């Protein structure tokens, strides 16, 4: 029986988070909200990453969820990460929108997936009621759900920084077409972005963790449909490079992908295959940087210990597609 192990850490995390929010409110300096994620007794952590998924089980979402449950059990995962676009096509309209149950609670039902889910917002989520996804009511409906715009998960040997990337993208403001975006809490935009970039930079500088992982919905580097996000290349990437981030994990492109930068030690991982994928939609890329690309559904796992970080990509049938690992001394390996 692992029910106590599943439930108690979630309650502990929420309690610590509430305390952090209270303390932050008394502090005049801006600071990203923080969660504390307890590691395993040996200090290691294991988690799954999935993105671009919320389609009421269609486009193989249920099949991917099934395999996530199996792999999650095998790895005894501690938590999960969603890279955004949690609910298609236009987010949710309220905390009581049936999409939440139909696309999340009733899909990811495996015992191994009853762990904290750390979520970021994607552009499709911004087309709905953003405050609904951020509402604590969702945590009352399903205690796994954790979603803020930007925040940090502290897990001793690894710090994970979640960044709200949608407001960086110019075309959502300049050329929204028929889409209506919920920009409440984001405007004035320049002030929001400047504050966010400062907060992320400060949080990264203050991190004492062995590993630093940044999660955002949008790509920084990708050979997929959307390609590179120029705004993030110009504004966010220099901060990540200056602070020696190990991984940048994103969704947005509906594929699985690993790009190894030749300009820095950052590894760019795309996990956007949670449901609908874009078969054959891939652009040319420098073969020295492209480690792996898969134009189908799937997800990835991450394992961290004091000395090692391991990433594995799986397809919708649970087959291993790509493995990569690194040691903190800079030794890399495609397994």
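Glycine is no exception: its Cβ is also placed from the backbone N, Cα and C atoms.
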Given Swiss-Prot lists 52, 85, 88 for Fe cation, the same-site residue among 254, 258, 319, 322: 254
Candidate set 27, 60, residue annotated N-linked glycosylation site in Swiss-Prot: 60
Matching residue for the Zn(2+) site, where Swiss-Prot names 85, 123, 252 - out of 217, 225: 217
Residues flanking the substrate site, with Cβ no more than 8 Å from the Cβ centroid of 252, 253, 254 and excluding those residues themselves: 51, 52, 219, 222, 224, 225, 226, 250, 251, 255, 270, 272, 278
Rounded inter-Cα distance in Å - residue 226 (active site, proton donor), residue 252 (Zn(2+) binding site): 8
Chain-internal residues near residue 217 (Zn(2+) binding site), provided their CB is under 8 angstroms and they sit 6+ positions away: 51, 83, 84, 85, 120, 121, 122, 123, 165, 166, 250, 251, 252
Among 52, 60, 88, which are recorded as recorded positions, the nearest neighbour of residue 253 (substrate binding site) by Cα: 52
Rounded inter-Cα distance in Å - residue 254 (Fe cation binding site), residue 60 (N-linked glycosylation site): 13
Separation of alpha carbons, residue 52 (Fe cation binding site) and residue 60 (N-linked glycosylation site) (Å): 12
Residues within 8 Å of the 52, 85, 88, 254 Cβ centre (excluding the Fe cation site residues themselves): 51, 53, 54, 55, 122, 124, 251, 252, 272, 274, 275, 276
